[in-house]
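> Annotation comment: TrEMBL describes 6-28, 48-66, 72-102, 123-144, 156-176, 183-203, 234-253, 274-299, 375-396, 408-428, 484-506 as transmembrane segment.
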Amino acid sequence: MGRFSVWDYVVFAAMLLVSAAIGIYYAFAGGGQKTSKDFLMGGRSMSALPVALSLTASFMSAVTVLGTPAEIYRYGAIFCIFAITYALVVLCSAEIFLPVFYRLGITSTYEYLELRFNKYLRLCGTVLFIIQTTLYTGIVIYAPALALNQVTGFDLWGAVVATGVVCTFYCTLGGLKAVVWTDVFQVGIMVAGFSSVIIRAVVVQEGIEHIVNDSYHGGRLNFWDFNPNPLQRHTFWTIVIGGTFTWTGIYGVNQSQVQRYIACKSRFHAKMSLYINLVGLWAILVCATLCGLSLYSIYKDCDPWSAKQVSALDQLMPYLVLDIFKDFPGMPGLFVASAYSGTLSTVSSSINALAAVTVEDLVRPHFRSLSEKKLSWISMGMSLFYGGVCIAMAALASLMGALLQGAFVGLITGFAVSLWVGIGSQIYPPLPERTLPLPLSTDGCNISISSNLTTSTANPLTTIFSTQAPERPVLADRWYSLSYLYFSTLGTLITIVVGMIISLLTGGLKQNTDRKFLLTKEDFLSNFSQSKSDTAEKVVVLSWKTSTNAAEGTDNPAFSHIEMDVASDKNKVNGLHI
């Protein structure tokens with residue numbers, strides 16, 4: 001199929017250099033990172049548009065660039081139902097979670113767990129986030145490099161180290177502002193990569209109508225399936241219900257996302273960033289869908305996967321790019337730059353979030369005498385440290401070989417059950433009658449069907465346990481076949497139910513809950529009138545004790561010279577001393 005040219009490497013290198021330059025600029029712009037709030041929260045002075053694009057860029061990882069078109073190619077356009085899910089997720093995040101987090105003026109979302117429950121639950125949440133994020137980030141770095149290497153010949157470890165080092169560089173120097181503004185640049189690269197593929201595919205297929213017609217006759221325009229069976233991989237209900245739980249966990253409470261929108265200079269800008277981001281999510285979904293349908297239209301008679309030209313579905317997009325752009329030097333490089341832009345945006349937000357929770361949840365509470373300047377330097381050091389950890393985790397991912405798709409008791413139970421069903425579904429993948437793959441064909445191939453690739457991205461858990469458990473247990477076709485979109489739903493519901501039961505059994509009804517830790521009538525569905533929103537926030541601020549600490553932002557009334565009084569007998573949270 002061909003390999004990368006010099007111009008392709010030039011385009012990719014230019015993307016990395018511009019990203020690094022943005023980090024250098026924000027390392028010195030405005031006097032540099034004087035406090036930890038400057039570094040971790042951008043001085044709480046961010047505007048809606050760049051934050052919205054940053055949120056969109058982080059969502060659009062390399063998994064989206066490589067995986068979503070392949071998903072649509074294999075299973076059809078029912079994936080588009082996620083458009084409804086995204087709307088519900090943004091609505092819940094903007095109207096339920098954002099008002100509370102923004103009013104409290106927290107930096108780490110896990111601070112809320114201490115305010116609402118106790119410091120031990122906060123520590124538990126922080127540790128789980130650090131473990132999960134470092135593992136996920138390593139896979140995010142390695143996975144696209146592996147897929148692109150196998151198809152394009154793009155240097156595997158050169159790409160892994162280059163992206164990891166550049167990402168760590170601008171995160172460490174420029175903090176959140178550098179993360180946000182590099183995301184703005186990178187989302188442009190990603191859209192350009194998607195658009196170039198779509199335009200070229202339309203030209204090759206002589207019109208969009210041919211792509212749509214081929215997709216229709218190939219059964220790819222399967223938008224609606226209302227089967228209520230939770231074991232079926234994708235239906236309207238699994239996507240809308242399960243997807244909403246899954247993505248609300250990311251947009252509503254995940255540190256990587258929340259940290260950016262509460263860094264906005266007002267609640268108006270914070271809400272607007274989420275709603276503008278929704279438009280971006282829809283645009284990405286449309287682009288990925290068109291790419292997937294283009295894949296099918298071009299390869300409907302000669303599927304590269306069945307013909308052993310690629311070893312995994314996530315290699316189809318690089319294969320297509322080299323095919324349709326073989327006479328256009330630099331264009332494959334643009335697509336690879338778009339895939340790695342997705343990687344950079346996801347990894348940079350993760351590094352910044354890891355630094356934030358480490359400083360706010362592990363360092364600041366135990367070293368209260370540290371000045372803001374010292375905390376700023378510690379934050380930079382944490383970014384550097386976690387950047388190195390993420391690169392190391394990418395190396396660990398290479399050894400693994402593939403991708404993995406209330407109260408303490410409630411949290412641990414929900415986590416354990418989700419982990420159980422998640423691992424079980426990897427060891428015993430659902431049968432085709434659950435996933436409903438659509439037919440592929442090799443009738444039009446003029447090549448011999450033999451494997452040209454020696455490296456496979458097969459599931460390592462399936463490989464390890466296949467010889468030990470050749471027969472599928474009863475749980476495999478019932479419990480483990482649950483749609484992956486219901487994993488988060490299951491974990492959330494179990495956490496809530498078990499947490500409520502344990503709380504009631506241990507005197508939960510006797511505890512008093514401070515209303516400032518809850519969604520209030522004033523918060524719920526508040527309009528976008530900036531003056532009214534700010535007035536409501538000031539009313540809450542006036543009920544808190546004035547602090548002599550340094551200013552934490554002048555444009556944001558929710559964070560100006562305040563601290564919550566949580567000491568002494570009159571200041572118990574839910575009847576418990578913090």
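Counting starts with 1 at the first residue shown.
Every residue gets a Cβ built from N, Cα and C, even glycine.
Because TrEMBL annotations are produced automatically, they should be read as predictions rather than curated entries.
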> Of the listed stretches (72-102, 234-253, 274-299, 375-396), which one yields the highest count of Cβ-Cβ distances below 8 Å with the transmembrane segment (183-203)?
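Ranked by Cβ pairs under 8 Å, first place goes to 274-299.
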> Give residue numbers and ranges for long-range contacts of the transmembrane segment (72-102): same chain, 6 or more residues beyond its ends, CB-CB under 8 A.
109, 112, 215, 219-225, 233-236, 239-240, 243-244, 247-248, 250-253, 257-258, 261-262, 267, 270-271, 274-275, 277-278, 281-282, 285, 288-289, 291-293, 295-296, 299, 313, 316, 435-438, 440, 517-520, 523-526, 537, 558
> Considering only the recorded stretches 6-28, 123-144, 156-176, 375-396, state which has the highest number of Cβ pairs under 8 Å to the transmembrane segment (48-66).
123-144
> Would you kindly check 123-144, 156-176, 274-299, 375-396 and say which stretch has the most C-beta pairs under 8 angstroms to the transmembrane segment (6-28)?
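Stretch with the highest Cβ contact count: 156-176.
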> Take a look at 123-144, 274-299, 375-396 and tell me which one has the most Cβ pairs under 8 Å to the transmembrane segment (156-176).
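Answer is 375-396, with the largest number of Cβ pairs below 8 Å.
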